[in-house]
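Asker: Okay, handing you the structure first.
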Amino acid sequence: MDCPIPQTELDEIYAFATDLARKAGQLLLERVNDRNSEQVYAEKENAVDLVTQTDEDVESLIKTAIQTKYPAHKFLGEESYAKGQSREYLIDEQPTWCVDPLDGTVNFTHAFPMFCVSIGFIVNHYPVIGVIYAPMLNQLFSSCLNRGAWLNEMQQLPLIRKPSIPPLPATAPSKCIFACEWGKDRRDIPDGTLQRKIESFVNMAAERGSRGGKGGMVHGVRSLGSATMDLAYTAMGSVDIWWEGGCWEWDVAAGIAILLEAGGLVTAANPPEDIEGPIEPVKLGSRLYLAIRPAGPSETETGRETQERTVREVWRRVRQLDYERPTRQS
């Protein structure tokens, strides 16, 4: 990707973003540790779509810092965006910060450690910087274009890289860890989103060759309760496959930046008409994502070929999901 911002300036923005993520994470940690009073939260769309005062306070901290340091940059945050209720894709060619102040709010309200702050920096629709900080785990995932992806700024991602990054299994999705989320749409209706997801989960988990040939027999199915953390763990190499629909750009911008810089692949969750055709990179605002961990070569394939083979095998087993963006409001 040719970035119009010089590398030296990108490096400065990256250092600022990592420092800001740590400060925001410290505020999250202070709030989650304050368990003397009951957590106060409001429901957005339903009982599993929550927002706390902490979400808004952390976003305010991040937004103020960014607008002070980089007043010419655009800012898109989950909570300020949600209040507008436009649901339009607002990212353009301009340098844009895309922020989720607290991804995994349900986890946060239960003091389950899989929650984080997510800060992405986007230029020409491409995430060039990503920082994810999970304060209860003290895990900082970060990347800058052309600088690699890192855990706690010391260990390069993916973590397993000696003697080389392992290829994906020849029988993938068998022998893989598959991550997915239940999502906010819990309507129990025939062929609804929940039913399609469950069918896809079972297809991936069932013994090989079962379910009309769709059984994938993955090693395990994981649901971390945070799409951002799913992506971070895919970049780390701990998750092999992440499949999801319903996310917004602030959920994935930082994670996609980190995964791509680590050598991963991100494409659309829904299979195209011709699954043997070229695999296109995902559109940031598509709301449908399939991510594959970084992979090295096998004796017969390049790392990219093992990733693309895995993508096609997932597509053969999952249902189409419908998460179109709402129409423009007048």
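Glycine residues also receive a Cβ, built from the backbone N, Cα and C atoms like all the rest.
It should be emphasised that the depicted structure is a prediction, and the values quoted were computed from it without experimental measurement.
Annotations per Swiss-Prot:
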BINDING   E78, L102, D103, G104, T105, D251  substrate binding site
BINDING   E78, D100, L102  Mg(2+) 1 binding site
BINDING   D100, D103, D251  Mg(2+) 2 binding site
Asker: Would you say which of the binding-site residues E78, D100, D103, D251 has the most Cβ atoms within 10 Å of its own Cβ?
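Answerer: Compared across E78, D100, D103, D251, the most Cβ atoms within 10 Å surround D100.
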Asker: Could you list the residues of the same chain, at least six apart in sequence, whose Cβ is under 8 A from the Cβ of G104 (substrate binding site)?
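Answerer: For G104 (substrate binding site), the qualifying residues are F112, M114, F115, C116, L224, G225, S226, T228, M229.
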Asker: Within 10 Å of the Cβ of T105 (substrate binding site), how many other Cβ atoms can be counted across all chains shown?
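Answerer: I count 24 other Cβ atoms within 10 Å of it.
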Asker: If you take the centroid of the Cβ atoms of E78, L102, D103, G104, T105, D251, the listed substrate site, which other residues of that chain have their Cβ within 8 Å of it?
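Answerer: Here the nearby residues are D55, D100, P101, F115, C116, S118, S226, T228, W250.
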Asker: Please report the three-state DSSP label of D251 (substrate binding site).
Answerer: helix
Asker: For D100 (Mg(2+) 1 binding site), which DSSP three-state class applies?
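Answerer: D100 (Mg(2+) 1 binding site) sits in a strand per DSSP.
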Asker: How many Å separate the two farthest-apart Cα atoms among the substrate-binding residues E78, L102, D103, G104, T105, D251?
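Answerer: Between the most distant Cα atoms of the substrate site, 12 Å.
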Asker: For the recorded Mg(2+) 2 site formed by D100, D103, D251, name the remaining residues of the chain with Cβ within 8 Å of the site's Cβ center, in chain order.
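Answerer: Going along the sequence, the neighbours come out as E78, L102, G104, C116, S118, S226, A227, T228, C247, W248, W250, V252.
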